[in-house]
Amino acid sequence: MGIHGLAKLIADVAPAAIKEHDIKSYFGRKVAVDASMCIYQFLIAVRQDGNMLQNEEGETTSHLMGMFYRTIRMLEHGIKPVYVFDGKPPQMKSGELAKRSERRAEAEKLLEAAEEAGEVENIEKFNKRLVKVTKQHNEECKKLLSLMGIPYVDAPCEAEATCAALVKAGKVYAAATEDMDALTFGTPVLLRHLTASEAKKLPIQEFHLNRVFQDIGINHEQFVDLCILLGSDYCETIRGIGPKRAIDLIRQHKTIEEIIDNIDLKKYPIPENWLHKEARQLFLEPEVIDADITELKWTEPDEEGLVAFMCGEKQFSEDRIRNGAKKLAKNRQGSTQGRLDDFFKVTGSISSTKRKEVESKGSTKKKSKTGGTPAGKFKRGK
């Protein structure tokens with residue numbers, strides 16, 4: 001779920017904190033990708049006749065197809081992804097997980113009714129609501145990534161928190177996820193829509209946390225309290241306090257405790273046994289890997305291993321998998337070229353007009369030297 005309404009709130013009150021870019025803008029960048037979010041997207045989107053792709057044994061393969069081709073697409077644009085997998089959910093998330101189970105049970109009933117009535121659109125809609133990322137999905141994707149030569153990290157707890165830790169440690173440029181709570185966990189840069197289907201033609205949204213703080217006039221601790229008021233996975237919120245009211249209260253009173261002391265509790269009743277302090281602690285000091293000592297290595301793909309797994313076990317087209325493996329090897333050879341800003345630190349600023357002129361000249365030179373790389377098409381397997 002992330003944080004209720006946070007993206008819209010930032011767009012309304014701190015629009016300069018959001019930039020929109022094409023995928024080509026991230027050439028040479030290392031990015032920590034929320035693996036569970038990606039796999040969920042693939043299970044929803046990679047379908048044939050409304051159903052998830054399967055092999056002859058009836059095993060789902062949508063997640064593998066999505067992971068294979070979307071990862072290749074990133075590599076073709078010079079992006080070096082590292083995937084971060086969820087660990088155990090925090091105890092505080094048990095309430096949210098219980099609600100999800102209830103919604104899934106309700107969707108099962110609605111699906112059954114839709115099937116009896118022959119309502120094709122509703123059948124597809126409720127089928128998607130039943131999608132859940134399983135341990136098997138995760139393990140198969142880890143095996144695939146290893147064969148592709150792509151690093152992955154097992155987070156001890158929430159993947160978004162470990163993504164944020166990798167960004168803060170300077171191991172990667174940004175965290176890529178649709179969950180806005182990556183910002184609450186403190187990632188300096190968040191990318192949304194990086195792994196979205198090419199067909200959707202969505203620009204990549206880049207959020208800068210320090211600019212959010214600057215434009216709203218709050219610090220990280222106050223931002224965490226704001227997110228708790230908006231609504232998170234970890235505790236209830238105060239009913240009746242919407243996004244604009246929440247931001248005004250945080251600006252005025254700084255903390256949830258001070259807000260409680262200064263609002264009409266009859267009009268805005270506090271949830272019983274409210275765990276806002278525990279939620280704050282979870283966001284400010286999450287359980288994460290030691291990012292400073294974590295080494296990320298991108299290696300040569302194992303073409304024969306990929307064929308054995310994806311074709312021998314999962315029955316994908318051998319021609320397509322071998323073609324993908326060759327793209328992996330080619331992009332591995334070309335991945336040593338980095339970005340200029342990896343070697344030089346910016347000590348001053350230039351005007352937006354001059355910056356555009358510099359970028360324009362740079363892109364012209366790059367095109368004349370290397371030629372354009374065609375965007376990787378998202379292909380169907382099998």
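Quick reminder: no glycine exception, Cβ is built from N, Cα and C everywhere.
Keep in mind that this is a model prediction, so the values were computed, not measured.
Straight from Swiss-Prot, the features:
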| type | residues | note |
| --- | --- | --- |
| BINDING | Asp34, Asp86, Glu158, Glu160 | Mg(2+) 1 binding site |
| BINDING | Arg47, Arg70, Glu158, Gly231, Asp233 | DNA binding site |
| BINDING | Asp179, Asp181, Asp233 | Mg(2+) 2 binding site |
| REGION | 1-104 | region 'N-domain' |
| REGION | 122-253 | region 'I-domain' |
| REGION | 336-344 | region 'Interaction with PCNA' |
| REGION | 352-382 | region 'Disordered' |
Pairwise CA distance, Glu160 (Mg(2+) 1 binding site) versus Asp181 (Mg(2+) 2 binding site), rounded so that it is a whole Å: 7
Cβ neighbours of Gly231 (DNA binding site) where a neighbour is any other Cβ within 10 Å: 20
Helix-strand-coil residue split for the region 'I-domain' (122-253), DSSP-based: 69 helix, 15 strand, 48 coil
Residue, out of the binding-site residues Asp86, Glu158, Asp179, Asp233, whose Cβ gathers the largest set of other Cβ atoms within 10 Å: Glu158
Entry from the binding-site residues list Asp34, Glu160, Asp181 having the most other CB atoms no farther than 10 A: Glu160
Asp34 (Mg(2+) 1 binding site) versus binding-site residues Arg70, Asp179, Asp181, Gly231, Asp233 - nearest by Cα: Asp179
Cβ within 8 Å of the mean position of the Cβ atoms of Asp34, Asp86, Glu158, Glu160: remaining residues of the chain near Mg(2+) 1: Ser36, Met37, Val84, Ala155, Ala159, Ala161, Thr162, Cys163, Thr177, Asp179, Ala182
Residue pair Gly231 (DNA binding site), Asp181 (Mg(2+) 2 binding site) - Cα distance, angstrom, rounded: 10
Cα separation, Glu158 (Mg(2+) 1 binding site) to Asp233 (DNA binding site) (Å, whole number): 11
Assigned conformation of Asp86 (Mg(2+) 1 binding site) - DSSP reduced to three states: coil
Residue pair Arg70 (DNA binding site), Asp179 (Mg(2+) 2 binding site) - Cα distance, angstrom, rounded: 19
C-beta crowding around Arg70 (DNA binding site), within 10 angstroms: 24
